[in-house]
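Here the structure comes first, spelled out in structure tokens, and everything after it is commentary.
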Amino acid sequence: MSKDTFYVTTPIYYPNDKLHIGHTYTTTAADTIIKFKELQGYETEFITGSDEHGQKLQQAAQEHGMEPLEYIDGIVTSFKDLWAKLKVDYTEFVRTTTPEHKEDVQYIFKKLYDKGDIYKDKYEGYYCTPCETFWKERELNENDNCPDCDRDVEWMEEESYFFKMSKYEDQLLDFLDSNPDFIQPSKRRSEMINFIKDGLEDLCVSRASFDWGVPVPVDDEHVIYVWFDALISYLTGIDFQRNQDKFNDYWPADIHIVGKDILRFHTIIWPSILMAADMPLPKQVFGHGFLLVEGGKMSKSKGNVIDPVKLIDDFGVDAVRYYLLREIAFGTDGSYSTESFIQRINSDLANDLGNLLNRTVAMVEKYFDGQIPVGKVETDYDADLESVAQDAFARIEENLEQLQFSTALEELWRLIRRTNKYIDQTKPWVLAKDDSKRDKLGRVLYNLMDNLRRIAISLVPFLPEAPAKMWKQIGIKEDLADQTWEDVKTKGGLEAGLEINKGAPIFPRIDIEEYYANLEAEDTKAVADKEEEEMTEQDYISFDEFGQLDLRVAEVLEVEKIEGSDKLLKVQVELGAEKRQLVAGISKHYQPDELTGKKIVMIANMEPATIFGVESNGMILAASNDEGDLTVTTVDRDIASGAKVK
Ligand code: MSP
């Protein structure tokens, strides 16, 4: 019998740069949905990774003077560090440079080749290296650039292998027709359908002008096109070819979560490849929107890249994940701003959630010596509170099934705010004054604590730290990790009599003024540190810098004073086979004939200059002190002129 499984993927990221908060957005979403599915009792797989082949990476490595893998390894480590910091629990990190992946890519390529779906021809068209995408002339934008990123495209003419994608046009349209939910959000579906209806062309799937890729199994001169290679990572991640049972349990994937910019690869190219390979298609591809900064795309050149590591260091992982999931509806574009970020932490996390926990735990401590009471007498507000809770949990479930994280959190916060309101309605501090209301007071506090338990479990998919802190304060002994979505829906699941552990507020408020002041102080310190570092650096030159000086021994042949100057001498030297004329400011220290016949040291590649109308092609080295003494640098043994000084 097959298991209840759930398989989610993020794209595998290009390791050519640091990850920014935009990449963090996809991975947080995937991690949240997978943790929710785990709460529901599914066995899960969650794949992320790095897309390590292609021309762009080969070039980037070359620019850094490194071998591709050496360059990539360092970046991949920083990706993994970021995912660890973000508390992302992927099951597999696929690297496309592993032998397993290579084997899978070659297997699929060969299968399509043997079937006659891959053939050799000549590619003539444009290529966008940053996007690793082929473009036809008619597809370029108004600037004749890449329609996706507006950067320059290169004209390419090379012998290539082609995949007969056009053959799958009708089959793909039929599939999309009978699987209306395949492309999400639905507004992106018609865009893709129109693209297919415009006519699918065969896809170039190999490159021959560089070698950083998986070799074409039937032709060593070619490497497989990086997108053909990358998409197969979704199979590699669940041990395609190596563990048939696992593969059968998890394929087809439940959701590929991707950014809207790469939806075409996932909803047209990928399904066509799978159809050609006679394999089932994924159940859904979700193309989310972009996280923008001040309405624009993040880019290094604009200097508006938000570093997720810094954000987590400053505000904590819960705040970052909460903001990403809550602020923007998944599927639409949205803008990041520090103001809205801090506003969210203060109002939702510190105020609504943090206060609910604090107030409740403080009242249990005050009125019941820190022991969760039983309380049998219901209040007039209990039924409504429970109906809001049931409604919220049902809607959270519904919304998470659609990857609507923001609405799901809104529902959860509706319950949190309703629970806060329950305190205001039931007024425990008034009940506490009347001994005959003790059972009612106990009931109110029990309901509050029980709702905190349910809220803590519901938060597990979203926030990695706060639920455990809440759990500890509530005092529940069982492991939070063993809780299920059923436990959330079950009213009264909290054991009475438990000892609570009142702790510090889980979300302290952030003072925005103070935050900006600290940032400014950090900036000032960074500038000062940089200046200091540069000054220290200025004390040294590198070996390469030293190597730029062409220092030589030269023999002085003839010296004469330059008319009109009391400082300058015109010096003729022999530099190996060459003769040179120099101007030297040493007339006050040397009589012309004192120098003749000496072997001195000079800079032979000094930029030529004309001084007092006399041409100078080099510079004599001399040492001087504060008292004004000067001595020309000479050599103390016999060595031929022209000898290099190093
Ligand atoms: N390597 C390919 C994916 C291959 S998957 C078989 C790739 N990598 S990428 O590193 O350029 O981008 C990875 C993902 O990050 C894409 O889904 C892209 O949409 C997403 N994002 C990049 N910048 C983003 C934002 N500013 N906001 C949200 N997502 C963004 O494409």
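Glycine is treated like the rest: Cβ placed from N, Cα and C.
Since we're looking at a predicted model, the values are computed, not measured.
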Which range is it, out of 37-41, 147-151, 297-301, that shows up in TrEMBL as motif ''KMSKS' region'?
297-301
Given the ranges 13-23, 112-122, 189-199, 343-353, which one is assigned the annotation motif ''HIGH' region' in TrEMBL?
13-23
Given the binding-site residues Cys131, Cys146, Cys149, the candidate whose Cβ has the fewest other Cβ atoms within 10 Å is Cys149
Not counting Cys128, Cys131, Cys146, Cys149, residues with a CB within 8 A of the CB centroid of the Zn(2+) site are Thr129, Pro130, Thr133, Trp135, Asn145, Pro147, Asp148, Asp150, Arg151, Val153
Would you report the average pLDDT that the model assigns to the domain 'TRNA-binding' (545-646)?
89
Could you break down the residues of the motif ''HIGH' region' (13-23) into DSSP helix, strand and coil, giving a count for each?
3 helix, 1 strand, 7 coil
Nonlocal residues around Cys128 (Zn(2+) binding site), in sequence order (Cβ under 8 Å, 6 or more apart)
Trp135, Cys146, Asp148, Cys149, Arg151, Val153, Glu154
